[in-house]
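Okay, structure first, notes after.
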Amino acid sequence: MAGSVTSDSSAERVGYITRIQSFSACHRLHSIHLSDEENKKVYGKCNNPHGHGHNYKVEVTVRGKIDRVTGMVMNLTDLKRCIEDVIMTPLDHKNLDKDVPYFASVVSTTENVAVYIWDNMAKALLPNLLYEIKIHETDKNIVVYRGE
């Protein structure tokens, strides 16, 4: 019948859950592979030796089958705990370059912060559950990473 909605109860449904978390951190954009002059040219004011800070907003999105019994892709309490362990504890109110070992040799661009979060969230979640990390560095600068 045209216009009617039918539901196949045997079809598996896929859902997406996004949780948003904010954290504050400082950093300096500076590559050990570039000279001081090249760093100044590439990163401009973000290469300030004293660093600068951001109030980052991170969106963690998971994708999976909606469980027929629980009605959930995953328990939000578990996702919140993973975000606390992977994002808040190691990054919030930290100097990314000095307090996070990963960034000792990796430039702390927002792209690389997204990769760091992806890699660690992927370890904390069930396989193939993580879909996307989106970081709002500012209202105008947003980075999306999907593990590619």
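Keep in mind that glycine also has a Cβ here, set from the backbone N, Cα and C atoms.
All TrEMBL annotations are machine predictions without curation.
The active site, proton acceptor annotation in TrEMBL covers Cys46. Annotation comment: TrEMBL describes His93, Glu137 as active site, charge relay system. Sequence annotations record features per position, and here TrEMBL assigns Zn(2+) binding site to His27, His52, His54.
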His93 (active site, charge relay system) versus His54 (Zn(2+) binding site) - Cα distance in angstrom: 10
Other CB atoms within 10 A, centred on His54 (Zn(2+) binding site): 18
Active-site residues clustered about His52 (Zn(2+) binding site) [Cα within 10 Å; pool: Cys46, His93, Glu137]: Cys46
Any further residue of that chain within 8 Å (Cβ to the Cβ centroid of His27, His52, His54) of the recorded Zn(2+) site: Ala25, Cys26, Arg28, Cys46, Gly51, Gly53, Leu96, Ser108
Neighbour tally for Glu137 (active site, charge relay system), based on other Cβ positions within 10 Å of its Cβ: 17
Sequence-distant neighbours of His27 (Zn(2+) binding site) in its chain (C-beta under 8 A, six or more apart): Gly51, His52, Gly53, His54, Asn95, Leu96, Asp97, Phe103, Ser108
Number of other Cβ atoms within 10 Å of the Cβ of Cys46 (active site, proton acceptor) across all protein chains: 16
Other CB atoms within 10 A, centred on His52 (Zn(2+) binding site): 12
Listed in sequence order, residues with CB under 8 A of His93 (active site, charge relay system) and six or more positions away: Phe23, Ser24, Ala25
Inter-residue C-alpha distance, Glu137 (active site, charge relay system) and Cys46 (active site, proton acceptor) (nearest angstrom): 13
